[in-house]
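A quick write-up on the structure given underneath.
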Amino acid sequence: MSDIFNQQGLKSKFSNIVKNEGQGDSDIREVFNELARPQAEVGRDIEYSELSQALNDNSVKVFRPQPYDELVNIPFIEAASPRMMALYGELLDSKDVSLPVGSGLHIPTYKPGHEVTPPLLTLPNSLSYEYMHYIANSANDTWDKQIYETLKELLVAQATNRFSTGSLLGQVKRVAAGQDVAYGRKGHHKNKSFKEMGITPYRVMEWLDEYMPISDDEPEITLSNTLDWLVYTPEEAELMGVPDSLPDITQSSAAGLPWLGKKKGEVAVSALITANMLIKDVSQLLKENLFTGSNNPLDPKKEGVAEVTTKNPRRAADQFSRQVLDRIIKEYSYTMMGLLFPKGERYAIADHLTKTRNIWSASYVTHLIGSTISDQPAKRMLNVLTSTSRTPSLAKFSPTQGGMEALINIILNATDIVELVYADNAYIYYPNEDIWYSIDLTKGEANCTRDVAMTTAMYLLTRGWTSKQGTPIYNYTWAYLALYGIPYMTVDSISVLKNFQIKNPGQGSGNPWTFLNNHVLTTILMNKWSEIGKPQPSPDVIEKLASMTGIDFKVELVVTNFREKLIAASRHSIPTSNRVEPRTIVEMDMLGWDVTHTEFGFTPVLSKERLFKSIACPQPPSSTFQTSVAKQVHKYIQNVALLYVGAWAYPCIAQTIEGYALNHWNTINIMIRNKEYDLDKAIGKAVEASPFSEVISLLSLDRPMHEQNYAQVLYQQKTIEKKEAKPKVSNPLYKRDKETYHEYTTRMARMRINDDMVGPQWEPIINLVTKLYPREATGENQKSRESMTRVKIRGLLENMERQLESNGRSMDVWYNAYLTGKKPSGVDKKLATLLVLLAPKRTKKLPSGVYQKLLGYPPIDKSPVPSLTSDEAYLYDTNSLEYNRIAYVSKLNEDDITVYANKYMVYSSTLLSNLLPDKVDWPELRSMNVEGASDPYQVKGYKKKELKPRFGEEILDDEPTGKKSSSEKRRLQRKGQKAKLQRQAATGTTFVRKPLN
């Protein structure tokens with residue numbers, strides 16, 4: 001290395017390149033290190049003792065602290081439902097679970113740490129070495145200068161930025177800035193309700209049909225039960241092909257409240273039980289309110305969402321919803337609390353004390369329920385490339401494997417204005433003016449209102465959780481959780497910092513619906529922009545739209561002569577293997593990507609600002625990478641990812657990053673030599689933790705990633721499959737335009753009587769009941785009918801195999817009944833009827849994916865509807881029959897929620913998602929003044945008699961005894977039950993835990 005730095009000819013060549021900067025005689029290493037040297041020190045942060053003053057100085061709203069029941073350890077076998085015992089009984093037989101059911105009350109305290117990570121200190125010297133090699137072999141002065149300017153940008157990025165978790169003061173100022181946006185302070189526009197904007201949820205959903213389309217495929221599950229039914233036993237998992245249908249959970253992420261300090265993987269079963277407690281409580285409360293009143297099945301009070309008045313039924317719906325929310329939040333206050341977590345990011349040193357991005361780390365319970373509602377619809381979202389109908393959506397868009405090429409071709413061929421939308425980002429291209437705009441909402445999360453979240457929920461339910469015929473496959477419990485529960489828990493909710501409970505403006509960033517709600521906001525903005533003629537976003541237009549919608553936004557990037565620059569890039573196409581010639585890279589800022597042209601067509605390159613900050617200020621490995629080998633694997637994947645997402649496009653930088661990756665790989669090989677170490681597992685974990693995991697996961701683990709032909713894998717164009725979006729159908733379950741609410745409820749009640757159980761999966765059961773038990777099946781007493789149906793069918797199914805065995809028969813009898821559709825001879829008449837009715841109808845028009853799931857491998861015939869060999873047909877028929885048998889048995893043994901709710905699934909869930917009140921009177925929390933307070937317990941609003949010390953902490957005491965409301969009596973009754981539960985758990989006394997509902 002010393003030889004190349006001391007070659008006089010190269011030193012002179014470098015001096016000529018930098019002579020205009022007054023550094024002509026300097027050594028290149030000195031120049032590069034000087035460029036990377038920070039010009040300012042990181043500012044001093046405040047202490048936690050100064051937090052109350054900082055909150056007050058920045059006018060941050062603080063709530064009166066809400067307590068929740070303390071955690072207690074309870075033996076798993078005493079807290080688990082029969083389903084949970086079937087799933088985890090053997091594994092957790094002697095273990096405890098941690099549940100928030102203690103008799104004491106707890107107020108959380110959370111103090112996140114803030115740390116600044118040093119930059120990549122070897123970067124200046126490594127770049128100087130590669131650059132000297134570059135100019136030694138270069139005969140093009142223009143290229144030499146251009147490469148130097150690029151390296152200079154990278155080094156300046158290192159001088160001015162650091163990877164850190166920000167500062168406490170930066171967190172406060174970020175919250176204050178969000179409140180400024182939400183409340184219209186300091187020049188911002190106050191958030192507006194839909195009524196103030198002149199729109200309705202139904203109008204917005206019509207826009208979302210175009211801006212956030214969902215495919216016509218049906219979800220893999222029904223949204224109708226507690227979460228433990230989405231986890232499968234080994235037998236069920238073998239048939240389903242997956243261990244569970246829960247949303248993907250990052251096990252290493254924080255569990256949130258009430259499990260403060262724990263990872264999700266550590267409390268997964270406890271969280272599942274607690275979430276089920278909440279779901280059951282909501283179900284019970286809805287039963288008490290929905291299905292009470294007269295015995296007349298057409299009575300609105302019995303079948304409606306509240307006591308309907310002829311004047312304003314929507315107000316009744318609002319009153320009903322508020323009552324349920326009040327009771328739920330008293331028991332589960334932690335579900336609307338999020339830890340205010342400082343996001344690790346590359347921050348400008350100058351912004352250290354003013355800008356720290358906050359992540360709202362939701363309760364695991366809130367995360368589970370919210371993700372379950374959104375997961376299946378989100379998987380089926382379509383975008384501008386995958387939808388057969390027009391959409392500007394970029395949801396699930398990937399620029400790799402031909403995605404960028406296809407998108408750029410749409411832009412190049414455009415004759416009308418092109419608009420694209422992704423979360424809080426929008427992109428507009430004006431072909432006549434040849435100008436590209438990248439637009440970003442100003443702290444978009446703060447613009448989110450509960451109107452927006454309710455509309456998101458209604459869209460997910462009516463588009464994502466309906467059959468192809470438009471029939472709901474969700475019940476009223478989940479409809480309520482989606483429409484009222486999650487919006488209340490995640491929007492204008494509580495952020496915990498120290499022992500302060502801060503009003504979170506808008507939605508908590510990082511909640512399960514962050515992307516969806518932001519996408520709805522941008523959809524509203526873009527449609528209002530369309531209404532005024534789609535003008536270019538000048539300052540006057542921005543002000544006009546912000547005044548109309550209450551949504552503040554800014555133009556992040558303007559690219560003039562955009563098409564011209566793209567065409568120039570295509571004419572200057574350079575192969576990905578060329579790491580000598582500077583490329584033509586066109587700025588787009590499209591989801592963080594720019595574009596160049598290679599042998600694969602238009603190819604994505606990570607935007608320079610993001611790429612250079614990531615190289616100069618690498619993110620340190622998290623605490624989950626504990627061993628020295630794991631940390632090396634993390635650094636290896638980090639450099640491989642940076643090389644493949646963009647560093648490859650910049651000479652000298654590509655060689656530097658490739659050298660780092662190779663060094664880390666060699667170090668790993670030395671460290672694991674003569675040791676047993678699962679390197680593939682470690683690499684997989686590092687890939688999963690990478691911010692570029694979607695890109696890097698396309699590569700193989702069969703050989704070192706730095707040795708693979710990354711360009712062939714990442715950028716080779718592949719066929720993009722297009723799908724039909726869910727059509728806009730005339731659904732008989734929706735209220736008709738000229739129909740009064742009384743007429744609607746009457747019609748729906750009649751429909752409920754005629755259609756007790758919906759969906760083809762219920763047809764055999766309906767037929768069975770009708771034929772075998774006509775009196776019970778057609779009886780007017782609906783409660784008796786439900787009980788009789790459930791008991792009789794369950795009994796028959798449980799005894800079916802035993803009856804066959806007692807007659808010397810096997811399950812082949814059922815199989816033959818399935819194939820022939822005829823009742824088997826020599827079997828009891830009722831049993832023979834049952835065997836035929838429970839045999840699913842066979843079809844020869846199923847897609848190959850269904851055959852693959854039931855065969856266990858793809859059919860040899862590659863046609864969309866494959867023909868099967870006789871052996872394959874037998875295997876398919878047998879597995880199909882067994883799958884349906886297990887599905888029926890599981891459905892009939894489900895928790896009481898589904899058994900009860902399926903009868904009313906069509907009617908009640910449709911009402912909940914169509915009878916939205918004009919304005920919801922959400923329960924509001926009390927705020928308090930923090931001026932001059934050292935802790936939130938001593939401020940005005942608390943009386944000393946309300947506080948008492950327990951275990952060294954100050955907590956709320958019971959209110960004085962007196963006349964109490966029914967809801968308060970219920971809360972105290974449950975508190976007494978929990979106290980008994982806690983005492984028994986502490987003494988080891990055996991007890992049976994009663995279901996909450």
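Each residue, glycine too, has its Cβ placed from N, Cα and C.
Annotated features in Swiss-Prot:
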- Gly256, Leu257, Pro258, Trp259, Leu260, Gly261, Lys262, Lys263: GTP binding site (BINDING)
- 960-970: compositional bias 'Basic and acidic residues' (COMPBIAS)
- 971-981: compositional bias 'Basic residues' (COMPBIAS)
- 420-616: domain 'RdRp catalytic' (DOMAIN)
- 950-997: region 'Disordered' (REGION)
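Locations of recorded Swiss-Prot features on the structure.
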{"residue": "Gly256", "record": "GTP binding site", "CB count, 10 Å": "28"}
{"residue": "Leu257", "record": "GTP binding site", "CB count, 10 Å": "27"}
{"residue": "Pro258", "record": "GTP binding site", "CB count, 10 Å": "28"}
{"residue": "Trp259", "record": "GTP binding site", "CB count, 10 Å": "22"}
{"residue": "Leu260", "record": "GTP binding site", "CB count, 10 Å": "16"}
{"residue": "Gly261", "record": "GTP binding site", "CB count, 10 Å": "8"}
{"residue": "Lys262", "record": "GTP binding site", "CB count, 10 Å": "17"}
{"residue": "Lys263", "record": "GTP binding site", "CB count, 10 Å": "17"}
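Under DSSP, Trp259 (GTP binding site) is assigned to coil, being neither helix nor strand in the three-state scheme. The GTP site is defined by Gly256, Leu257, Pro258, Trp259, Leu260, Gly261, Lys262, Lys263, and by the 8 Å test on Cβ atoms against their centroid, the other residues of the chain that qualify are Ala254, Ala255, Val267, Tyr364. Over the domain 'RdRp catalytic' (420-616) the predicted model carries a mean pLDDT of 93.
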